[in-house]
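Feature annotations, courtesy of TrEMBL:
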ACT_SITE  Asp19  active site, nucleophile
ACT_SITE  Asp21  active site, proton donor
BINDING   Asp19, Asp21, Asp190  Mg(2+) binding site
BINDING   Asp30, Asp110  substrate binding site
Amino acid sequence: SQGVGMASSQPPKYLLIFDFDETIINENSDDSIIRAAPGQALPEHIRQTFCEGFYNEYMQRVLTYMGDQGVKMGDFKTVYENIPLSPGMPDLFQFLSKNHEVFEIILISDANMFGIECNLRAAGFYSLFRKIFSNPSSFDKRGYFTLGPYHSHKCLDCPANMCKRKILTEYLAERAQEEVEFERVFYVGDGANDFCPSVTLTSADIAFPRKGYPMHRMMQEMENKQPGAFQATVVPWESATEVTRYLQDVLKKC
């Protein structure tokens with residue numbers, strides 16, 4: 001007879017990847033933390049140091065300024081914990097916790113580990129994720145919030161500190177070595193940096209771009225320029241309820 005827990009020893013069928021900013025949460029968390037700054041604003045001289053493709057370095061300067069202003073760990077934590085989830089996201093997470101043996105869930109985000117952890121713990125969904133890939137962050141001896149780059153890479157389309165395609169490709173290779181192969185991959189995102197990994201998806205996979213956001217627009221542009229070049233099925237969403245509904249149908253068919 002089957003021992004207890006035998007059924008759950010089967011590897012998950014599906015890999016589900018989430019972005020964080022403006023996907024799981026309904027804001028960009030880097031903008032959100034400015035609420036903890038004096039006057040909830042940044043001085044112009046800091047804002048002017050922003051340079052396209054070097055957002056991570058810009059945020060390091062923002063955090064140093066906030067540390068100078070006496071903003072502490074608890075202030076950041078409060079902001080992160082109170083960032084609202086995107087419409088329908090709590091329902092999607094409830095659905096995934098009920099079906100956790102079918103889905104392996106990871107998060108790839110250009111935000112930072114501390115912020116993501118604070119938000120997901122407060123929302124009660126931190127344990128859903130097998131792995132979280134994000135920029136390293138911590139508090140130094142002075143109590144300043146510090147941020148580092150995730151890695152370096154050679155992709156010309158992504159910010160200097162993170163290429164999500166590289167992270168996803170390496171993750172799939174590592175899981176394959178552990179003899180875990182996924183029948184399908186699902187990718188839920190919104191940004192230009194989510195478009196890069198979604199291009200590697202196959203015709204069995206599904207990309208869920210947030211409707212009207214850069215990832216969605218880039219898919220539409222690609223479809224116009226090279227019809228059929230984008231392999232995965234595209235399912236745009238305004239509320240994550242649409243993602244839940246799609247995944248429910250997938251489970252019904254299997």
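Using the three backbone atoms N, Cα and C, a Cβ is placed for every residue, glycine included.
Structure coloured by features recorded in TrEMBL.
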residue: Asp19; record: active site, nucleophile; Cβ within 10 Å: 26
residue: Asp21; record: active site, proton donor; Cβ within 10 Å: 23
residue: Asp30; record: substrate binding site; Cβ within 10 Å: 19
residue: Asp110; record: substrate binding site; Cβ within 10 Å: 27
residue: Asp190; record: Mg(2+) binding site; Cβ within 10 Å: 25
Any idea what the Cα distance is from Asp30 (substrate binding site) over to the residue listed as 'active site, proton donor', rounded to a whole Å? 9
Hey, of Asp19, Asp21, Asp190, which of those recorded positions are within 10 Å of Asp110 (substrate binding site), Cα to Cα? Asp19, Asp21
So around the Mg(2+) site, Asp19, Asp21, Asp190 aside, which residues have their CB within 8 A of the centroid of those CB atoms? Phe20, Glu22, Thr23, Ile24, Asn28, Ser109, Gly189, Gly191, Asp194, Arg210, Tyr213
Measure from the CA atom of Asp190 (Mg(2+) binding site) to the CA atom of the residue listed as 'active site, proton donor' and give the result in Å, rounded to a whole number. 8
Rounded to a whole angstrom, what is the C-alpha distance between Asp190 (Mg(2+) binding site) and Asp19 (active site, nucleophile)? 7
